[in-house]
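If you check Swiss-Prot, you get these features:
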type     : residues : note
DISULFID : C23-C88  : disulfide bond
REGION   : 1-23     : region 'Framework-1'
REGION   : 24-34    : region 'Complementarity-determining-1'
REGION   : 35-49    : region 'Framework-2'
REGION   : 50-56    : region 'Complementarity-determining-2'
REGION   : 57-88    : region 'Framework-3'
REGION   : 89-97    : region 'Complementarity-determining-3'
REGION   : 98-107   : region 'Framework-4'
Amino acid sequence: DVVMTQTPASVSEPVGGTVTIKCQASQSIYSGLAWYQZKPGQPPKLLIYKASTLASGVSSRFKGSGSGTEFTLTISDLECADAATYFCZGSTYGGGYFGGGTEVVVKG
C-alpha cells in the first residue's frame, strides 16, 4: 500500500492570501495524484488530476505541482468560498490512497 502524508492538518490565512498544501507518497506514484475540495454536506469536488491538470470549471487560482513522491497544491488569492477541507489522492495500479486532509480556514 501507499501511505500519503499530507501537511499541514490545518491552516488559516486571510482573504487574498496564499495557502500551500503538501502531500508526500511513501513510494513513487509518478503523476498519479489528484486533489479534492470537500465542504460539509457536499460531495468532494475534483480540483486537479495528473498532479497538475486543472479539472473542468476550476479556477486557475488552484495550482498543482510535483511528481514522484512530492506534490503541492497552492491556492492563491484566497476567497471565503475556498474555506473547506482539501485531500490528496495518490493512485497506483493497486488502487487509490488518500491523505489525511487539510482544513483551510479563510479569515474575512
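Just so you know, the numbers here start at 1 and follow the chain as drawn.
A Cβ is built for glycine as well, from the same backbone N, Cα and C atoms used for every other residue.
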Three-class DSSP secondary structure - C23 (disulfide bond): strand
Beyond the flanks of the region 'Framework-4' (98-107) by at least 6 residues, Cβ under 8 Å: 4-15, 19, 21, 23, 38, 75, 78-80, 82-90
Beyond the flanks of the region 'Complementarity-determining-3' (89-97) by 6 or more, those residues with Cβ under 8 Å of it: 1-4, 23, 25, 29, 32-36
Helix, strand or coil at C88 (disulfide bond) [DSSP, three-state]: strand
Other C-beta atoms that fall within 10 angstroms of the C-beta of C23 (disulfide bond): 29
Long-range Cβ environment of C88 (disulfide bond), under 8 Å and at least 6 residues apart: M4, Q6, I21, C23, L33, A34, W35, Y36, F71, L73, F98, G99
Helix-strand-coil residue split for the region 'Framework-2' (35-49), DSSP-based: 0 helix, 9 strand, 6 coil
